[in-house]
Every structure is written in structure tokens, then in C-alpha cells.
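Each remark here refers to the structure printed beneath this line.
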Amino acid sequence: MYIIHWGGAVVGLVIAIVLILRKINPVYSLFTGAILGALVGGASLPQTVDVIISGTNSVMGAVVRVIAAGVLAGVLIESGAAEKIAETIVDKLGEKKVLLAIALASMIITAVGVFIPVTVIIVAPIALPVAKKVGITKSSILLAMIGGGKAGNVISPNPNTIAVAKGFNVELARVMIGAFIPAIIGLIITYIVATLISKKGEAIKAAEINEVVSNKGNISFGKAMVAPIVAIILLALNPIGSILHIKILTELKIDAMFILPIAGLVGLIAMGKINKTIEYTTSGLNRMTGTVMILIGAGAIAGVISKSNLSSVVVSTIHSFGISGVFLAPISGILMAAATASTSTGSIVATGTFSKAILSMGVAPLSAAVMINTSCCYRSSSSW
């Protein structure tokens, strides 16, 4: 039952966007937009409270999994494992393929659960000296890192992927595997465009390299890869069982809430840093706190939109232009990610608002989840 007019939902979304652009805290911006949108849309004060609480409750599953992902992220970042992975990839591919190495390193590090801004901080000190030596500009390096990070984000256990998996009630691993081809295409396009602009823009200066060079951690590449490999294997067990019709694996359903912390702890043991467990996991939790708060705010605005008839209006508009209903998933992802300037928020809003309409058009839940996740990742201007 719709209790909010679609115009109110749009007003609330616009208010939230304007406040975010004015540098107001995103969480408060989203809640303010949700409250005002519900009231403008015709909801009473008690109804507004119920709608917002319902919306925030809908994202709690994603919130718990994001907190769990903080363990793996904290281990990879603080131990120096992520840096070692990036360093090895850049060294192995060499100077001639430095842009591919940078994009690939960024993709892999983001794919194992590290946020894009952190990935850039990790990869930049390794990439800049090599890039300066071969005469590549800052703009091409930055594009390679961001584009590679976006490609990795599509297949990562990051908040956006967790949100769409929860929203469409499919396994997280299935969404990650399903998005592999879009991720590879994104990586290829990133490499091509970065190569085309490699000689355009501002050159890298020696002083800048001296400022950013880092030498964190002395672990081997093999040990650095233990945590990501364990996470990938455990996440892939159920999908592999379904594909190969192995009953024991098909029935083995281990949630990401368990897998990601387990992978992080196994990685700590392999690196001989189990005594750093509290330090690294606390750091990981701190890195996730901001994202968790934003997810809750996104849940509030998604609750308002889901209680409105906005999805019906959008579906009718799409049909009036003669566009197939299958395109509703990527279109909704693009629109919501662009509107909220956030991958995670866009994923939550698009899923919460359009999931029923998308599924009613015959789109499979997994396909819908992959399309929304991919469109949100590649369209959003942010990385959270």
C-alpha cells in the first residue's frame, strides 16, 4: 500500500542530494530528505516515523555484513598485504604495461574488500615512480587507479554488492561471480582510455614521489594472498556446488558474515601477525563506521521511496518510450547512483524501490542484482 505520493519521494531525494552537495553530513542529509519527503508526500508524523524505521531495518542485514567485512579489510590494509599485492603486480608486468599493472592492481585490491580511496592510497606510492620513469601523466595514472577500482568494486564483498545481494535474496558469491564479465570489460576500457591520455596533462614531479613513497610490511606475496584466497574459496563453494551439482556443496551455505572474518584471521595466522588481531580488526571496524552510518541513512530514504508510487511512475515512463522492462534494472541503478552520488546508497535505493517491479517483468533475481550493482558502480562519482 502506497502512503506517500511519488512527488514527495522525489522532493526528499532532491533535498538529500542538495544537502550532500553543500557538504552537510551525508547521514543527516539522507535522514532530513527522508523526513521532509515523507511529509511532503502526504504521510503523517507517526507514518513518517514508521516508514523511516522500516527503511532502516531493511538494511540491517547489509550493515552486519559490512561490519564483518571490516575484519578482512583491516587485516589486508594494516598488515601491508594489500600493498604487497599491488607492488608485486606492478613489478611483474613491468614498465611497458604500467597502466595495465596499475589498473589490475587496483581492481584486485578493491575486489578483496578494500574501498577505492584506500586502494588509491596503497597503489599510488608504488605506481608513481614507475609512471614517472616512462613519462606517463598524473591524469592517466589516476584514471587507471579509479577505473580499476571501479571494476574491482563490482565483484567485491563491499557494501554495494552486499546490499543488492540482500535486496534480491541471492548469495553474495553469486552476485560477485555474475559481475565478473562486466568487471573485465570495465578493466579493458579503463586501460584503453588511460593509454590514450597517457601523454596528456600534468607530468609527475620527483618531489611528489619522495613524499608518497611507502615501505609498509615485509611479508611475502604468497602470505599476502592467503586471506583473499581463503575468502574467494569459501564464497565460491556454494555456487560451484550448484554449477557442478555437488549436493554437499550446494547445501553448504556459509554467509559472508562468517567467511570474511574467518579469511582475515587465517591471513593473520599465515603472516605470523595473530598478536595484532585486536589492532587490525579495530582499524577495520573504524574504516567501516562511516559507511555503516551512510547505509542506515540510505535505508531511511529508500524506505520513503519504497512506500511511494515512484517505481510505478518510472515503469510507466519507460514503457511509454517503448523501452523493454529488462532495462529497468540498469536504468534505475544509473539514476539512483547519479542522484545520490554514492555507489552504496544508489544500490540500496534502486533495490528497495524497483526490485518488485524488475522481478515482475520476468528478470531473474541474480541478473537484476548484477545489473543494478554494475550500473551503480560505474555511474557513481563516489566509492562508498
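Cβ from N, Cα, C; glycine included.
Curation does not apply to TrEMBL; its annotations are automatic.
Annotation comment: TrEMBL describes 6-21, 28-46, 58-77, 98-128, 175-197, 224-246, 252-272, 284-306, 318-341 as transmembrane segment.
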Positions whose Cβ lies under 8 angstroms from the transmembrane segment (252-272), at least six residues beyond its ends: 64-65, 68-69, 71-72, 74-76, 79, 81, 113, 157, 162, 171-173, 219, 223-224, 226-228, 230-231, 234-235, 237-238, 241, 280-281, 284
Per Cβ pairs under 8 Å, the stretch of 6-21, 58-77, 98-128, 318-341 packing most closely against the transmembrane segment (284-306): 58-77
For the transmembrane segment (28-46), distant same-chain residues with Cβ under 8 A (at least six beyond the ends): 3-17, 19-20, 52, 55, 294, 297-298, 300-301, 303-305, 307-308, 345
Contact check, the transmembrane segment (58-77) vs the transmembrane segment (98-128), 3+ Cβ pairs under 8 Å, seq sep 6+: yes
Result, the transmembrane segment (224-246) in contact with the transmembrane segment (6-21) (3+ CB pairs under 8 Å): no
